[in-house]
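Undergrad: This structure is in C-alpha cells; I'll ask about it shortly.
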C-alpha cells in the first residue's frame, strides 16, 4: 500500500512539472515581475530613417525591465547620473516599482510590422479646428502625452493611442479616459515619482509631499499597461538634441525637456518615420490658446521656468526644415 501511494505521489509531481512547463512555455500565465524581461524587439528596416544622424545608438529598447535594468544602466551610462536623467542614487526606487509591473514589452507580441510610421501628437492649440483625427488614426503608432484628451476631441486628434507619456502630476485620474489598448509610460523626474507609482500599485496611502502640484490619488490603469521610460531617452533629449549644459549656473533653475520633446525622442528610437502634430506655438499672441483643450493661454508658457521653449522651438524648426520629420500642423 505504501509503495502504491509513493507511486501516485511521484506521478502527480511529474504531471505538475509537465503542465507547468507547457503552460509557462506558451505564456498562458502572467510572467512573474522579478523575471520580467524583454520578449520582443524592434523590427529592423533595410534603410536608415531620415533622423538617423541624430542618434548615437540605434534599436534601443526604451522601457526598463526588472531583470536587467541595472545592467542596461551600466551599459548606457545611466548609473553615472542622478534622476531625472539617470538612476545613480535611485536604483532601489526603480527596482521596487519595476517589481510590481507585469511587462516591459514594447509592442504586442503579435505585432511584427517593420519600419513603423509614427505620429507624435502634441497638445498645442494649433490643433483646434484642424480635423486631423482621421489622418492621425491611420498611423502605425500614435504617441500622446500627459492629460491631452481624446474623448470629445476625436475629430481634431483622433481616437487611438498607442503610447501616452505621463508623470504623477499630469496623469488622468478619471476612468472615462482609460483606453485598455494604450501603454502608459512613466517619465520619472524625481524619486517621489517612483514612490508614488509603487504606493498606487500596492494600494498604500499616497504621500503627496515633494510634488509641484497634487498628483493623482488613484490609478485608472492596470499594471500590464504601465512601463517606466529609461532615463537614457530623457538624457538624449536634453544633452544630444537640445544641447543643454550638464551643470547650470547657480542663479538659474535647471532646464528640462518638455514631455513633447521626450516623446519625439522616444519615437526616434522605435519608429522608422516620424510625423508631428500640435507642436506649433503662437508667441505673438499671448491670449491665444495654449492647448487644443481647456482655457489656458500662451501667457502660461511664457512663465514656465523649467523648460527652454526657445531651444525646443529651434530644434523643431531645424528637424522640420531638414525633412527629418514631417509637420502636419505647419500652417
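Note: Cβ is positioned from N, Cα and C throughout, glycine not excepted.
Annotation comment: Swiss-Prot describes 129, 181, 282, 295, 308, 327 as N-linked glycosylation site, evidence class sequence analysis. Annotation comment: Swiss-Prot describes 1-4 as topological domain 'Cytoplasmic', evidence class sequence analysis. Residues or ranges marked as topological domain 'Lumenal' by Swiss-Prot: 26-331. Taken from Swiss-Prot, the feature transmembrane segment covers 5-25, and the record attributes it to sequence analysis.
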Undergrad: Counting across all protein chains present, how many other Cβ atoms fall within 10 Å of the Cβ of residue 181 (N-linked glycosylation site)?
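TA: Result for residue 181 (N-linked glycosylation site): 9 neighbouring Cβ atoms inside 10 Å.
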Undergrad: Applying a 10 Å Cβ distance cut-off over all chains shown, what neighbour count does residue 282 (N-linked glycosylation site) have?
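TA: Cβ-Cβ neighbours of residue 282 (N-linked glycosylation site) within 10 Å number 16.
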Undergrad: Looking only at C-alpha atoms, tell me how far residue 181 (N-linked glycosylation site) is from residue 129 (N-linked glycosylation site), rounded to the nearest Å.
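TA: Cα of residue 181 (N-linked glycosylation site) to Cα of residue 129 (N-linked glycosylation site) measures 26 Å after rounding.
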Undergrad: Taking 129, 327 as the glycosylation sites to compare, which has the smallest set of other Cβ atoms within 10 Å?
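TA: Among the glycosylation sites 129, 327, the lowest count of other Cβ atoms within 10 Å belongs to 129.
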Undergrad: Could you round the CA separation between residue 295 (N-linked glycosylation site) and residue 282 (N-linked glycosylation site) to a whole angstrom and send it over?
TA: 15
Undergrad: Within 10 Å of the Cβ of residue 308 (N-linked glycosylation site), how many other Cβ atoms can you find? Include all protein chains, please.
TA: 20
Undergrad: Of all the glycosylation sites given, namely 129, 282, 327, which is spatially nearest to residue 308 (N-linked glycosylation site) at the Cα level?
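TA: Closest candidate to residue 308 (N-linked glycosylation site), judged by Cα separation, is 282.
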Undergrad: Validating a neighbour-count step here. Other CB atoms within 10 A of the CB of residue 295 (N-linked glycosylation site): how many?
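TA: Around residue 295 (N-linked glycosylation site), other Cβ atoms within 10 Å: 7.
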Undergrad: Quick one: pull the CA-CA distance for residue 327 (N-linked glycosylation site) versus residue 282 (N-linked glycosylation site), whole Å only.
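TA: Spelling it out, the Cα of residue 327 (N-linked glycosylation site) and the Cα of residue 282 (N-linked glycosylation site) are 16 Å apart.
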